[in-house]
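**Student:** Structure provided below as structure tokens; questions to follow.
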């Protein structure tokens with residue numbers, strides 16, 4: 001009974017009623033399927049969160065005061081100027097004894113499932129259909145581009161930023177439609193949480209509120225609503241902003257801006273560089289514009305123009321496609337819908353989607369079946385992609401051999417040992433060993449763009465090397481003289497792209513002057529410089 005009361009209280013705080021419950025439950029199914037496929041096919045987390053784990057460990061070690069610098073990533077460490085909210089959550093889990101790699105594998109899934117709720121609510125309200133809301137949540141859940149960025153290791157930050165962002169946007173939509181003050185307060189707080197999590201998602205919220213104002217209420221009162229959310233969210237994030245500026249100076253944000261290509265998708269769009277998948281939300285927007293809608297067409301275009309990474313346009317496009325589907329379904333005569341339903345199902349009046357007459361609602365039944373079919377097809381497609389040897393969407397930066405090698409490094413090398421690592425396992429090395437990685441771009445964007453580019457190029461160059469001399473030369477471009485080199489055997493990744501080594505680089509180090517073999521397992525080999533004093 002207590003659990004039921006808690007659920008009732010939670011639902012009372014949302015603009016939902018009993019009719020929403022089956023559709024909300026259905027909305028969660030695709031996200032649960034996507035998460036299950038990911039966890040079943042990825043024994044290690046996709047991509048990297050080593051720097052995030054290192055930040056969290058430093059926060060915990062510093063008594064939960066923000067550290068100025070994060071050690072281990074390059075010889076001088078990197079500035080800590082990231083929005084800190086999710087790192088504090090990560091730090092708490094580490095303090096409770098959680099394994100950093102396990103956190104990176106499982107924690108993002110929580111937000112991936114939870115975000116189905118605001119997406120459902122937004123889709124329901126805009127499309128005017130609960131089935132439309134569930135369809136929007138389904139399209140977001142099984143879209144591989146959206147899922148890739150949120151269920152992977154970096155989702156310990158990005159997935160929660162996405163959750164806060166979509167929740168803030170929905171609260172803002174409610175505030176503009178109903179004038180709800182509660183919506184304004186919720187939107188402001190959630191915008192603050194977004195800003196404390198990830199700057200790109202904060203920009204997505206800002207752009208979305210501009211669209212809401214421009215299409216729903218361009219009155220002075222509407223402008224004040226948007227400003228109230230913006231100023232309120234800024235107030236929530238202001239302690240961190242003040243600390244970051246006082247510690248690193250205002251230039252730290254300019255240094256990081258633009259280094260990851262998150263903003264500025266419009267150039268490619270205007271140049272005509274369109275993928276077929278990009279055309280889908282644009283086509284939905286065109287249909288809705290022809291119908292007389294303004295909100296979704298404007299939102300789709302803004303997301304396409306403003307963000308280089310398509311996950312934002314695909315998210316808005318999911319709501320647009322669901323709205324188009326609801327509109328098209330509404331044009332089909334009831335007799336045709338009922339006939340199709342009778343042929344597909346034998347539901348009785350106890351169906352969870354009854355109509356006012358007590359008989360199953362034919363449109364609702366067909367919509368639910370379509371969502372379940374889309375979930376099955378989407379889940380199968382994700383499973384196929386994630387089990388490819390060259391898995392393009394969820395590549396693992398580390399595996400069991402890397403964990404074993406890094407445990408040896410942590411126990412058998414000096415605390416001041418320095419490393420160059422070939423491949424993406426580099427991103428996890430400082431967090432899992434306590435040793436210093438000399439070459440790698442992670443976190444360097446907070447210094448200045450030129451240094452980030454130099455580290456990026458050096459890492460990519462040495463990760464493609466076939467000789468010891470090549471690795472040494474690439475490392476030297478950023479002044480790195482490592483005590484150890486860490487080499488993968490067989491398949492590995494570089495910036496998420498699959499590569500295969502056939503032992504050429506390993507043999508080169510084995511015969512090179514100045515290097516000695518110190519460790520090897522089935523997937524990793526480590527060499528130590530004979531010129532180093534690290535004994």
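In case you wondered, yes, glycine gets a Cβ from its N, Cα and C as well.
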**Student:** If I go by TrEMBL, the feature transmembrane segment sits on one of 322-342, 343-363, 364-384. Which?
**Tutor:** 364-384
**Student:** Looking at 79-97, 136-154, 155-173, which one does TrEMBL call transmembrane segment?
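**Tutor:** Among 79-97, 136-154, 155-173, the range TrEMBL annotates as transmembrane segment is 155-173.
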**Student:** Which of these ranges is annotated transmembrane segment in TrEMBL: 23-41, 42-60?
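**Tutor:** It is 23-41 that TrEMBL annotates as transmembrane segment.
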**Student:** Across the domain 'Glycosyltransferase RgtA/B/C/D-like' (83-243), what is the average pLDDT of the model, as a whole number?
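**Tutor:** In the predicted model, the domain 'Glycosyltransferase RgtA/B/C/D-like' (83-243) has a mean pLDDT of 97.
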**Student:** Who are the chain neighbours of the transmembrane segment (23-41) in space, where the CB to CB distance is under 8 Å and they lie at least 6 residues beyond its ends?
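**Tutor:** That would be 16, 105-106, 109, 112-113, 115-117, 119-120, 124, 130-131, 133-134, 137-138, 141-142, 147, 151, 368, 371-372, 374-376, 378-379, 382-383, 386-387, 394.
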